[in-house]
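Let me begin by presenting the structure, written as structure tokens, before commenting on it.
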Amino acid sequence: MIDRYKHQQLRIGLVSPQQISAWATKIIPNGEIVGEVTKPYTFHYKTNKPEKDGLFCERIFGPIKSGICACGNYRVIGDEKEDPKFCEQCGVEFVDSRIRRYQMGYIKLTCPVTHVWYLKRLPSYIANLLDKPLKELEGLVYCDFSFARPITKKPTFLRLRGSFEYEIQSWKYSIPLFFTTQGFDIFRNREISTGAGAIREQLADLDLRIIIENSLVEWKQLGEEGPTGNEWEDRKIVRRKDFLVRRMELAKHFIRTNIEPEWMVLCLLPVLPPELRPIIQIEGGKLMSSDINELYRRVIYRNNTLTDLLTTSRSTPGELVMCQEKLVQEAVDTLLDNGIRGQPMRDGHNKVYKSFSDVIEGKEGRFRETLLGKRVDYSGRSVIVVGPSLSLHRCGLPREIAIELFQTFVIRGLIRQHLASNIGVAKSQIREKKPIVWEILQEVMQGHPVLLNRAPTLHRLGIQSFQPILVEGRTICLHPLVCKGFNADFDGDQMAVHVPLSLEAQAEARLLMFSHMNLLSPAIGDPISVPTQDMLIGLYVLTSGTRRGICANRYNPCNRKNYQNERISETNYKYTKEPFFCNSYDAIGAYRQKRINLDSPLWLRWQLDQRVIASREVPIEVHYESFGNYHEIYAHYLIVRSVKKETFCIYIRTTVGHISFYREIEEAIQGFSQACSYAT
């Protein structure tokens with residue numbers, strides 16, 4: 001079992017055969033060693049009990065019911081006075097049945113088997129270490145050809161040092177047929193190596209430090225050579241250099257983790273605990289079994305057949321032995337990763353078997369669904385909507401979610417303030433939704449941050465902390481500026497909310513994970529809290545105005561026609577002259593009174609520097625008054641001058657949307673300046 005206090009992390013890697021044996025082997029009180037699964041059976045069809053030494057054997061994996069052996073005898077678990085601790089008839093220990101969730105078994109393979117993950121997955125670690133083509137290694141593993149053993153001290157029967165399958169292809173057919181099983185074994189064990197055993201021998205003979213040194217020397221030699229002028233040759237050199245770098249990194253990893261390369265070839269195959277590959281009885285007496293059980297059965301069947309061929313039969317041709325070794329290799333490949341070599345294996349209903357890789361990988365795999373994606377207490381989930389009135393570090397929680405998340409804190413507050421005598425009374429007050437409950441809830445939420453997470457959490461900003469406030473409705477309100485860190489938008493995205501309970505988690509949430517403390521991207525350092533999506537659309541609508549310029553009303557024939565039929569009034573500015581305002585407050589007031597629209601053009605009095613106005617710009621139109629004053633109308637501003645050409649005032653042509661946007665920016669700049677002045 002994994003103790004959460006002793007084990008802080010989980011690492012998946014290669015293990016030695018001795019470690020696999022230590023995991024699965026156990027010594028029962030009578031001194032007998034059990035752990036090897038030798039029979040491909042599961043349950044007896046008459047007694048409906050696990051078969052001995054089978055895939056669900058109670059001697060190997062523990063009892064199905066706590067304290068009850070296969071014979072039906074019962075002992076109290078943990079009672080030292082009860083002797084013996086196991087059944088002398090069936091050999092089953094009187095222990096808790098939960099042992100079947102972690103007690104493993106093993107299958108002793110008659111021939112070595114290459115782990116398909118390290119052979120067929122890209123990049124192929126075995127091919128990288130041996131510096132050989134993957135196709136050649138596959139032919140060797142699946143017994144398509146053989147090679148001569150590199151024995152230097154003794155003369156070989158064939159007097160060969162390298163591979164001979166390229167020169168005489170017919171040998172791989174003639175030699176196995178010529179020798180009988182007994183003679184072929186002597187010849188093969190001395191002269192020929194094939195199958196995964198050949199790969200294991202080559203991996204065992206490797207010196208990782210020499211591999212690193214030789215690869216480094218070759219890499220330097222290739223780097224010293226200049227371009228050849230041939231594009232194809234230059235690409236080959238670049239690919240070779242990249243391969244050498246990967247090979248050196250792989251060898252360093254093996255040395256650093258104390259892993260032997262020959263462990264990539266299996267001699268013992270671990271058997272998963274029965275509870276992780278169950279057989280369930282459904283209505284009608286039918287049984288539903290995990291696909292892994294059928295794949296394990298196939299491995300045991302073929303392995304036992306190979307054992308019989310090598311031990312009992314004396315006249316079996318060697319070719320048949322090699323074919324059976326290939327079948328064992330393919331059965332283990334299907335168990336580990338079905339379909340990695342091409343067409344996947346299917347059952348009688350043409351359904352693809354679910355291998356070990358399929359069980360653990362993907363969104364519905366063991367890790368993401370059961371270990372990483374499991375539901376936890378003090379958490380909730382809802383759709384996110386925009387909260388434009390929120391501060392950057394705040395989020396809005398619905399009352400329904402907040403009262404569930406902080407229910408224990410509210411109960412403690414009710415009892416401390418003597419508003420409830422016990423937990424039951426406090427829960428009844430919460431169910432009745434009394435006003436005092438919401439007051440205490442707000443007090444609790446003020447001092448307790450929450451964590452918001454949006455899947456998939458691909459980087460650090462995928463989960464951030466916020467100060468929660470109560471909102472109406474059933475959706476979580478979020479400030480739009482934090483959407484980029486979550487890669488979220490408001491088209492139906494959902495987010496999970498978690499409550500940090502320990503003091504360490506709360507301190508981390510306040511000091512490191514608050515949204516207003518994560519304004520820069522941890523990857524490249526660029527600002528992460530920038531307007532995106534909805535905010536950009538809103539700013540565009542706010543500042544778009546009318547696309548037609550100042551001459552639209554005068555030179556548009558449709559507007560002229562409408563102008564002639566329109567009744568002129570002081571409150572109608574649609575096709576009459578554009579209104580003038582002395583300040584922004586009057587313009588916004590007119591908008592609130594619905595006298596003008598958000599994008600209606602207007603003239604606003606403004607303190608504009610004369611140097612900003614281009615002196616060479618020609619006015620579009622000039623309006624003269626009876627007293628000699630005149631208005632020079634330009635594309636974006638208007639100047640009121642006297643008879644002596646003195647400037648009385650300047651108006652700019654804008655909209656209410658531009659005014660609102662400008663005021664927000666001005667207030668933000670003033671607030672930032674005040675904060676800087678206070679800091680200094």
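Every residue gets a Cβ built from N, Cα and C, even glycine.
Since the structure is predicted, the reported quantities are computational estimates derived from the model, not experimental observations.
Pulled from Swiss-Prot:
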type: BINDING; residues: Cys69, Cys71, Cys87, Cys90; note: Zn(2+) binding site
type: BINDING; residues: Asp489, Asp491, Asp493; note: Mg(2+) binding site
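Checking each of the binding-site residues Asp489, Asp491, Asp493 against Cys90 (Zn(2+) binding site) by C-alpha distance, the shortest gap belongs to Asp493. Sequence-distant contacts of Cys87 (Zn(2+) binding site), defined by Cβ-Cβ distance under 8 angstroms and a gap of at least six in the same chain, are Cys69, Ala70, Cys71, Asn73, Glu93, Phe94. Of the chain residues outside the Mg(2+) site list Asp489, Asp491, Asp493, Ile384, Ala488, Phe490, Gly492 have their Cβ within 8 Å of the site's Cβ mean position.
Apart from Cys69, Cys71, Cys87, Cys90, the residues listed for Zn(2+), the same chain places the Cβ atoms of Ala70, Gly72, Asn73, Phe86, Glu88, Gln89, Gly91, Val92 within 8 Å of the centroid of those Cβ atoms. Neighbour count (other Cβ atoms within 10 Å of the Cβ, all protein chains): 9 for Asp491 (Mg(2+) binding site).
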